[in-house]
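Structure first, then comments.
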Amino acid sequence: MEERGGGGGEIEDGRSVSSVSIRLVDKESRWVDGSEVDSESTQWSLMDEGADHGRDGFLRRRLVKKPKRVDSFDVEAMEVAGAHGHNSKNITIWRTLAMAFQTLGVVYGDLGTSPLYVFSDVFSKVPIRTEVEILGALSLVLYTIALLPLAKYVFIVLKANDNGEGGTFALYSLICRYAKVNMLPNHQPADEHISSFKLRLPTPELERALRVKETLESRPCFKTLLLLLVLMGTSMVIGDGILTPAMSVMSAVSGLQGQIPGFDADAVVIVSIVILAGLFSIQQFGTSKVGFSFAPALALWFFSLGSIGIYNLVKYDLSVLRAFNPVYIYLFFSHNSLKAWSALGGCVLCITGAEAMFADLGHFTVLSIQIAFTSVVFPCLFLAYIGQAAYLMEFPGSAGRIFYDSVPDGLFWPVFVIATLAAVIASQAMISATFSCVKQSMALGCFPRLKIIHTSRKLMGQIYIPVINWFLMAMCIIVVATFRDTTDIANAYGIAEVGVMLVSTTLVTLVMLLIWQTNLFLALLFPLVFGSIELIYLSAVLTKILEGGWLPLAFAACFLCVMYIWNYGSVLKYQSEVRQKLPMHLLLELGSDLGTVRVPGIGLLYSELVQGVPSIFGQFLLSLPAIHSTIVFVCIKYVPVPVVPQEERFLFRRVCPKDYHMFRCVARYGYKDVRKEDHHAFEMLLVESLKKFLRREAQDLALEVFSNNPDMDSSSSVSVRSRPLSGPSNDMVDELTIPLMHDQQIDDAGTSDSANGSLLPSSSMPSDDHPSLEYEMAALRDAMDSGFTYLLAHGDVRAKKNSFFLKKLVINYFYAFLRRNCRAGAANMSVPHMNILQVGMTYMV
């Protein structure tokens with residue numbers, strides 16, 4: 001307990017305010033107001049309740065009379081010219097074809113290398129006795145490729161993108177925009193006015209969609225289940241990042257066994273480890289310089305697959321084309337029973353990498369990926385498998401190394417080099433996808449903060465995460481050294497791939513019901529057809545749990561625990577901050593000097609709160625002998641959209657009356673956005689945004705005065721535009737109707753010219769010479785000249801004493817361990833260490 005005296009202050013009309021003395025007591029008993037949802041929206045009612053006789057009562061009554069609309073929370077103060085330029089679909093056909101060619105190197109590397117190992121794995125479980133085994137396996141492979149990658153992904157799933165972004169978290173963010181299922185309760189009405197936050201208009205199926213939305217929002221168990229599903233899919237993708245390099249590289253290198261005498265399994269393992277170590281070691285340099293070679297190399301690879309397939313088909317056995325008759329699938333199972341069921345685990349490898357078509361969508365367009373798959377990838381894969389089957393009809397004993405045996409004589413070494421290069425490229429694509437996946441999960445609060453290095457100045461998707469890179473390398477080397485054979489790795493590979501596909505099927509079905517509002521029959525037909533196929537494959541690969549299938553499940557379980565614990569602890573910490581917000585009347589009773597000394601300078605207090613005054617501010621008032629003349633509560637917030645345009649990034653609001661010089665700034669970023677600003681650039685952007693906010697605030701005051709006095713002289717005029725009355729209905733909807741100078745470029749004199757619109761006398765429009773605005777601008781310039789100080793909380797999160805044992809274990813040990821070992825807040829927010837002030841804070845959750 002500590003007592004502080006509030007010094008005298010000044011209000012706008014010049015009346016002095018007598019000093020008040022208050023007692024700041026323990027935050028659990030004094031600062032916590034559980035019924036307070038939004039301090040800013042309740043400050044006026046608190047002042048009404050606290051109003052009494054005397055000068056203090058007059059002050060509170062005087063503040064109530066000030067127009068509440070002046071403090072609009074929804075003013076976007078940042079206006080930067082320039083188009084958004086993200087994933088623009090208005091591109092020429094030549095640009096689309098060029099992008100389709102580029103997808104070969106980025107998207108289809110994993111899918112393209114599957115002919116290296118599919119048939120060898122299938123026939124390791126089902127021996128070839130008759131032609132039925134060959135034709136049945138070929139028919140299974142062809143129809144699997146036609147149904148899942150082609151029918152499901154190319155024609156349906158690719159359309160479920162989030163403003164051009166794909167992947168598990170893109171689907172989750174899309175669902176979060178339509179239903180409030182995000183576990184972190186930091187949604188704001190202003191977020192829905194972001195240009196990329198566009199929602200579909202109502203349709204006749206709206207009633208069903210609203211029921212789905214209400215069910216998701218009203219039942220916490222569904223929110224948790226949806227989050228766990230997304231985290232499980234993400235964990236499987238990370239598992240793919242471990243298994244893809246191991247499987248692809250080992251399959252390519254194993255071709256040397258029959259070509260070089262004495263090149264045994266140990267040599268395959270050693271060479272594979274060397275290649276993997278080199279692959280992961282060059283990740284830190286980025287892929288931008290060598291990326292141009294990926295597409296030509298994979299194009300040559302697909303050309304080789306198609307050419308070799310045609311050669312084998314024509315030379316050995318054209319009768320394998322009978323496999324297009326699906327009756328051979330029935331014969332395959334009837335002749336081999338349980339062995340055929342086990343062979344499905346190898347057959348599913350023909351679609352490994354299909355998820356990359358959706359996950360890597362952000363770098364391309366839907367049309368470019370569709371063109372590349374239907375015109376190049378699909379026919380070349382078909383020809384490759386048909387050619388291998390034709391070779392097996394002639395040489396059934398070559399099933400163990402079917403790919404290299406089917407290569408024409410004299411072409412082994414060129415094909416081997418291309419195959420190895422294709423395997424490395426496939427691994428590179430999956431490693432990059434893993435980096436992107438981890439970054440997205442970090443942005444949405446589902447992964448501990450890690451260091452992210454951007455390896456390209458032009459392409460924001462090219463990133464490098466050192467911790468994840470070396471972890472993947474260590475796991476890949478351990479997998480190769482432990483299993484020493486592609487068969488067991490294939491068992492693990494299949495489980496990871498089918499698991500990701502099932503998660504995507506479930507989320508896309510939810511998108512159909514909630515967002516697309518598809519016909520109910522068609523919405524249920526999608527999971528019925530594709531989900532059934534994937535469940536059949538899953539049942540087959542799960543039988544291989546003891547033969548390597550446990551590996552992706554172990555990886556997924558570990559990552560799922562880490563991600564869920566981090567999200568669980570972060571949500572509890574945020575809820576604790578909301579409960580412990582400082583009541584607004586406390587600051588008003590302190591007076592404009594906040595009960596201490598205001599010294600020149602700008603204090604940037606970082607907090608996760610988007611509303612209310614964080615309790616850490618009270619700790620600074622108690623701990624510091626003085627506080628800065630201008631205080632800005634900064635919240636770095638990630639919204640469920642891929643990219644937030646620069647001109648829509650900042651939201652400003654005034655906290656307390658003008659003479660307090662306190663503001664809130666919410667800096668919004670999308671989950672694909674790159675925070676490239678250093679602290680100097682961020683400071684300049686923030687100050688310029690604050691200046692524009694002050695000018696707009698003064699204009700809003702002038703507009704209100706003009707609306708109350710319509711007979712004012714209108715000989716000289718400027719144009720104003722009103723914000724549309726869209727958005728959800730809530731207690732702040734009145735603030736959404738404030739006329740704003742939204743699309744006007746305001747010069748230093750605060751004026752704007754236009755040929756149409758509403759007319760307002762220029763005499764009523766404030767300029768920098770206006771006394772109130774001039775005073776605030778001068779105060780801001782003085783504070784800026786004195787420098788910036790970053791006020792941060794060094795927080796500790798602990799479970800309450802009456803919490804159950806499991807919660808204490810998770811929060812006090814696991815979550816605390818992750819917080820101690822993840823990237824510190826100062827480094828994560830690019831804050832200079834020389835300008836930091838930190839105080840300790842314990843959050844009891």
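Glycine residues also receive a Cβ, built from the backbone N, Cα and C atoms like all the rest.
Automatic prediction, not curation, is the source of TrEMBL annotations.
These features come from TrEMBL:
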type	residues	note
COMPBIAS	714-729	compositional bias 'Low complexity'
DOMAIN	100-588	domain 'K+ potassium transporter integral membrane'
DOMAIN	600-843	domain 'K+ potassium transporter C-terminal'
REGION	710-729	region 'Disordered'
TRANSMEM	134-155	transmembrane segment
TRANSMEM	225-243	transmembrane segment
TRANSMEM	263-282	transmembrane segment
TRANSMEM	294-314	transmembrane segment
TRANSMEM	340-359	transmembrane segment
TRANSMEM	371-391	transmembrane segment
TRANSMEM	411-438	transmembrane segment
TRANSMEM	459-483	transmembrane segment
TRANSMEM	495-515	transmembrane segment
TRANSMEM	522-542	transmembrane segment
TRANSMEM	548-566	transmembrane segment
By a Cβ-Cβ criterion of under 8 Å, what residues six or more beyond either terminus of the transmembrane segment (263-282) are in contact with it?
245-246, 249-250, 253-254, 256-257, 420, 424, 427-428, 431, 469-470, 472-473, 476-477, 480-481, 484-485
Cβ pairs under 8 Å only, please: of the recorded stretches 134-155, 340-359, 411-438, 495-515, 522-542, which one is richest in them relative to the transmembrane segment (459-483)?
411-438
For the transmembrane segment (411-438), which recorded stretch in the set 134-155, 294-314, 522-542, 548-566 gives the largest number of Cβ pairs separated by under 8 Å?
294-314
Would you kindly check 294-314, 371-391, 495-515 and say which stretch has the most C-beta pairs under 8 angstroms to the transmembrane segment (340-359)?
495-515
Dominant neighbour of the transmembrane segment (548-566) in 134-155, 294-314, 371-391, 495-515, 522-542, by Cβ pairs under 8 Å:
495-515
Please check if the transmembrane segment (294-314) comes into contact with the transmembrane segment (134-155), where contact means 3 or more CB pairs closer than 8 Å and the residues in each pair are separated by 6 or more positions.
no
Which sequence-distant residues neighbour the transmembrane segment (522-542)? Criterion: at least 6 residues beyond either end, Cβ under 8 Å.
144, 147-148, 151-152, 156, 341-345, 347-348, 491, 494-495, 498-499, 501-502, 505-506, 508-509, 512-513, 516, 549
